[in-house]
Amino acid sequence: MLPGAWLLWTSLLLLARPAQPCPMGCDCFVQEVFCSDEELATVPLDIPPYTKNIIFVETSFTTLETRAFGSNPNLTKVVFLNTQLCQFRPDAFGGLPRLEDLEVTGSSFLNLSTNIFSNLTSLGKLTLNFNMLEALPEGLFQHLAALESLHLQGNQLQALPRRLFQPLTHLKTLNLAQNLLAQLPEELFHPLTSLQTLKLSNNALSGLPQGVFGKLGSLQELFLDSNNISELPPQVFSQLFCLERLWLQRNAITHLPLSIFASLGNLTFLSLQWNMLRVLPAGLFAHTPCLVGLSLTHNQLETVAEGTFAHLSNLRSLMLSYNAITHLPAGIFRDLEELVKLYLGSNNLTALHPALFQNLSKLELLSLSKNQLTTLPEGIFDTNYNLFNLALHGNPWQCDCHLAYLFNWLQQYTDRLLNIQTYCAGPAYLKGQVVPALNEKQLVCPVTRDHLGFQVTWPDESKAGGSWDLAVQERAARSQCTYSNPEGTVVLACDQAQCRWLNVQLSPQQGSLGLQYNASQEWDLRSSCGSLRLTVSIEARAAGP
């Protein structure tokens with residue numbers, strides 16, 4: 001912060017302080033009191049009468065006495081953060097008719113009396129996070145008809161009374177995450193007809209009653225992640241017509257009923273990662289056309305059927321990493337014209353169809369890392385005009401002529417540093433080389449007899465000065481044995497019938513500008529098939545008239 005701005009802020013803060021005394025251990029501002037003295041043992045009696053918000057942080061008092069704030073009826077917000085509160089006297093919050101926001105977080109109380117909040121008829125937000133609550137009485141919220149936000153995260157709740165939320169017809173947010181809930185009464189949430197966000201993450205739920213969400217027609221967000229759910233009733237989401245975001249990750253779901261998402265026409269985000277899914281039923285996403293983000297990572301999918309994503313024309317992010325996918329149909333992504341990010345890493349893909357990404361003109365990021373790909377078909381990225389982030393590492397790339405298309409594409413459209421850990425697995429003389437750092441001339445293949453433009457003579461059958469034509473007209477299939485010298489500058493590819501391809505990289509000899517006319521040179525070449533001696537002779541002759 002600039003010195004002048006700091007001085008201005010400090011001056012305004014000092015002006016905000018009241019003229020009259022502030023309670024010991026507290027700081028007072030215009031309408032707010034902040035108390036953080038560890039020696040503060042009780043709620044101060046001399047809180048300024050104009051105070052609307054009071055916040056206690058890491059104070060030492062353990063008991064909140066009866067009508068502790070009785071002298072401050074204008075309070076609208078009371079907060080206790082990481083205090084040692086463990087007991088509330090009867091009517092502890094009495095005399096606060098205007099209180100709208102009450103928070104007690106990080107304390108150690110185990111239970112609450114039924115009438116503890118009975119006078120807080122204006123309360124709109126109640127936060128009781130990360131305490132030691134083990135149970136809640138059924139009538140705890142009976143006087144809180146105005147409540148819109150209720151947070152009970154991080155307690156020790158194992159069960160909830162079925163009529164606990166009966167009076168909360170205006171509640172919009174309910175957070176029950178990080179408790180020990182193992183089951184839910186089917187009618188527990190039925191009174192919450194205005195609820196928009198429900199968080200049940202990190203509990204011990206193993207299943208859900210069929211109608212548990214049956215009355216939540218206004219729900220927009222549902223968090224069910226990090227439980228032990230293994231199976232979902234087919235109609236469990238059937239009344240959630242307004243649902244936009246659904247978290248189901250980190251459960252034990254093994255299969256999904258075909259109709260499970262049939263009513264979720266407004267769903268924009270769905271997370272199914274870290275489950276045990278092996279198959280996705282055809283038509284599973286037929287009724288979720290608004291999906292923008294879909295995550296299926298860390299499952300056990302071996303294939304994805306054609307048409308699985310046929311109706312997801314608005315999808316922008318699709319995550320299929322960390323599965324066991326071995327094959328993808330050519331048209332699996334055909335309808336995903338809005339797709340921007342596609343994650344296919346950490347699968348068992350060995351080959352990709354040339355048209356696999358054909359309609360993905362808006363694709364910007366594609367991960368193919370950690371598969372079993374050896375090459376990519378020519379033209380596979382020709383219609384991906386916005387693709388500049390391509391992850392390829394962790395594949396056994398064969399750096400021959402079949403990789404030339406990918407190599408040239410990388411040189412033209414991506415930063416070489418993005419794939420600096422993408423290595424050649426073969427041929428032997430290029431093993432371990434960084435793919436983007438290669439020279440295109442190194443990406444060569446042996447040619448067939450019909451397209452060979454030179455003859456090979458073995459050392460014992462040739463004479464020095466034999467003629468060679470190094471013009472190779474076309475690259476073709478691999479041979480069975482590839483011989484090379486230790487430096488990798490001379491490579492000879494042979495099959496059982498004959499040697500079909502030769503690549504020689506000549507370096508000038510000391511004191512010479514290069515291999516001279518009418519000269520020859522020998523190399524000892526080795527491979528897993530054996531060894532041989534190669535002689536190359538060059539004889540220059542005058543051209544005819």
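Even glycines carry a Cβ here, placed using N, Cα and C.
According to Swiss-Prot, the protein has these features:
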type: CARBOHYD; residues: Asn74; note: N-linked glycosylation site
type: CARBOHYD; residues: Asn111; note: N-linked glycosylation site
type: CARBOHYD; residues: Asn119; note: N-linked glycosylation site
type: CARBOHYD; residues: Asn228; note: N-linked glycosylation site
type: CARBOHYD; residues: Asn266; note: N-linked glycosylation site
type: CARBOHYD; residues: Asn348; note: N-linked glycosylation site
type: CARBOHYD; residues: Asn359; note: N-linked glycosylation site
type: CARBOHYD; residues: Asn518; note: N-linked glycosylation site
type: REPEAT; residues: 122-143; note: repeat 'LRR 2'
type: REPEAT; residues: 242-263; note: repeat 'LRR 7'
type: REPEAT; residues: 362-383; note: repeat 'LRR 12'
type: SIGNAL; residues: 1-21; note: signal peptide
Considering Cα atoms only, can you say which of Asn74, Asn111, Asn119, Asn228, Asn266 is the nearest neighbour of Asn348 (N-linked glycosylation site) among these glycosylation sites?
Asn228
Using a 10 Å radius around each Cβ and all protein chains in view, which of these glycosylation sites has the most neighbours: Asn119, Asn228?
Asn119
Reported as an integer number of Å, what is the Cα distance between Asn74 (N-linked glycosylation site) and Asn228 (N-linked glycosylation site)?
46
What is the Cβ neighbour count of Asn74 (N-linked glycosylation site) at a 10 Å cut-off, with all protein chains included?
14
Would you mind reading off the Cα separation of Asn228 (N-linked glycosylation site) from Asn266 (N-linked glycosylation site), to the nearest angstrom?
26
For Asn119 (N-linked glycosylation site), the one of Asn111, Asn266, Asn359 that lies nearest, given that the glycosylation sites are compared by Cα:
Asn111
Asn111 (N-linked glycosylation site) and Asn266 (N-linked glycosylation site), Cα-Cα, nearest whole angstrom:
40
I want to check the contact list for Asn111 (N-linked glycosylation site): same chain, sequence separation of six or more, C-beta distance under 8 angstroms. What comes out?
Leu133, Glu134, Ala135, Pro137
For Asn359 (N-linked glycosylation site): DSSP state (helix, strand, coil)
coil
Over all shown protein chains, what is the count of other CB atoms within 10 A of the CB belonging to Asn359 (N-linked glycosylation site)?
17
The repeat 'LRR 7' (242-263): DSSP-derived helix, strand, coil residue counts:
0 helix, 3 strand, 19 coil
Could you please provide the mean pLDDT value for the repeat 'LRR 12' (362-383)?
97
In this structure, the one of the glycosylation sites Asn266, Asn348 whose CB has the fewest other CB atoms within 10 Å is Asn348
Work out, from DSSP, the number of helix, strand and coil residues along the repeat 'LRR 2' (122-143).
0 helix, 3 strand, 19 coil
